[in-house]
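One structure is given here, and the rest of the page talks about it.
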Amino acid sequence: EAMAGYLEENYCRNPGGNGIEPWCYVYTNGTNCQKRYCDVCHFQQVSDKLPALVCAKEISANPNFCTTSVQKYACFKSCGLSQAPPVTTACPANFIPYKERCVFMSTTSATLKQAKDFCSSQGTNGNLFQVRNEDDQEFLARIKQETGVDSYTFISGQLKNGDWYFTDTNILMSYFNWTGSTSTNDIKSGCIILYKITSTTGRSFGWISTDCTSTSSTNSYVCQVDRMPTCGSPPIPSDGILVGANNSFYKLGDRAYVQCKYSTVVPDAPSVLFCKKTGWTTLKSACGVCPVGWMLRGNRCVFFSTDALTWSDAANFCRTGGRNGSLFRMLSDDDQSYFRTWRQTVGIDGDHTWISGQLISGNWFYSDSTTQMTYFNWTNSASTNSKTYACLYLYREVTTSGRNGGWSSSKCDSTSAYPFACQIDVYSTSDNSLSDASTSCQDTLTDNPNFCTDIRSASTAAAFCYKSCGFTSGAAKCKSPSSKTYTLTSPNSTIYAGGSMTFACNSGYFYMDGDTSRACGVTGKLLGTELSCSNKPASVTVGYYLLKSRLDTTSSKTVFCLDYDGYRIPINGKIVTWFTYCEKAGDITFLIYRKSGSTYSLQGSYNITCQPGLIWSYDVPSASQTKVQVDDIVGAYTAVSGIISMTDCSGRPDKFLMASTATAATITEALGITSFTKQTCMAPAISYKVQK
């Protein structure tokens, strides 16, 4: 139940419903659909994601594989790793947490009295395990299997006056799992044992009654105790509201969720307080600078709606946001470009869009304000001073009239419905020591330096990473490092926390290692690794940063060549190694082209069979190495979909990785392709090493 919130995006079903195991769909051979246990709670034994022989090979080749390699997590069992970091369970030693109880499965035998005495001595309300429903029954069956206890097992249950009660309580039992032949109303057999696993009569894990008074009969047993309460009512910050009931005490590991009290149109995601041994974790503020779903822009939070409303309905919707809510105000060319980029990103650039602006007594004012407008971007044919057409919209992009993205006026009571954007003031507080709501902000910025500014992630950044993104007063500053081998390519040499800088190797120097884009961290230091460039490299590895599990995979029967800056062959020599990250096993043919005009001539190819889940390297035998020269182009062919991990970046406005693609039914057909006419934006998990 505690994991339910974490499973919503994990494609696991049943995180807190009937049955005890979250599960997901998997395909065993591409056609057979099966259910597989999602072990997010780390109940099951550790295992290797990759075949044991593959893990053994990696460990043998690299003695430090299990300690330094990021791929070690695919070899949990072979590396002897823990399934999860140690967590506080609020349970006695050798007990495991189960809902509100701690459970102990004995591997030794005892009489019923000995079992009850032991259970009662272990903690609050210690008793034999109470099977209250089907979930409990399935849980009990599983831990018996996992511990290998193949014997009869005492559980809670006692017959009194013709009714079954949980042992030593006045609580009537309502769930039963009797075997077909057991006596259920004989006072001489008024206690319960769980049948052993290896039954030839079909009674595995069923219940049978047993003599409560026997001093010679011994069986294994299962205990339960209450999980230990440690925290009182959670401390709620002044700008927050507790979500749900305010309990008088909480157990170790419990969570309390706090909502920003100023949430309106699009609510903030609740912040989380954790009950620890030392008490509740600290939460100084429950409100993000912007609600979730809104993007920070200067001192405004912006909400883009792809739903279409009339002008008046859109204006009313924005007003309900509070904090001076209104339709989005175009203040400058920068706002105009920002708005148009958003429309393109979400695919509504073919629609007009409502913006702030009303004509009053011959002057234009921003809607719901007394602020007169000074910036305009009218289309050539717009009516700019008509009492009839006194409200504004941004013209659609898809047009042949030349009015793309310009302003036009409309009747304020028009029945036309368009998408729109709202703005509200940023949330401010007297507490200038606000910290990030998430602990992963710095790691996220290291991996994605544009996290705070990218239109696709800015709303999340504003809600959860306001310190890391420099939204608090006194934000840290970072300065560009000086170097003789590389140059700053972004406009500003000093940036605030959450901003980013880009770098490139100087002319005549080649990329060797490090990050070409780095974000400014909260300590005033650039995150990531400094760029390393060399003017006399014996070898160069290209595209290694792309090697990781990505959102998509390559399509079937697809040939692609990576004909863009930063991926072409940088030095004369031979390709000696190929690298890739595959999502499933399959055949890949790496390709090398030389371009003349619009014609691509194949220089060489190399076939491999990749394995999933690791960054794999494939050394090319010297006899098979292809001679290459500067600006030659690499590519690949896969006959089957789902093999090479890839990010489809076609939604990005900068189209930063443009590739050329073609289709081929067979490898023979693929090797004969000389023309690529289709362009797409992709970041495939492919890299290569070229050596002089």
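In case you wondered, yes, glycine gets a Cβ from its N, Cα and C as well.
Feature annotation from TrEMBL assigns domain 'Kringle' to 1-40.
Here TrEMBL flags 98-212 (among others) as domain 'C-type lectin'. Residue counts for the domain 'C-type lectin' (98-212) under DSSP, split into helix (H, G, I), strand (E, B) and coil, are 26 helix, 30 strand, 59 coil.
Annotated domain 'Sushi' per TrEMBL: 229-289 (among others), in sequence order. For the domain 'Sushi' (229-289), the model's pLDDT averages out at 76.
Under the heading disulfide bond, TrEMBL lists CYS260-CYS287. For CYS260 (disulfide bond), other Cβ atoms within 10 Å of its Cβ number 23.
The domain 'C-type lectin' annotation in TrEMBL covers 297-418 (among others).
Sequence annotations record features per position, and here TrEMBL assigns domain 'Sushi' to 476-535 (among others).
Packing around CYS287 (disulfide bond) is summarised by its Cβ count: 24 other Cβ atoms lie within 10 angstroms of its Cβ, all protein chains included.
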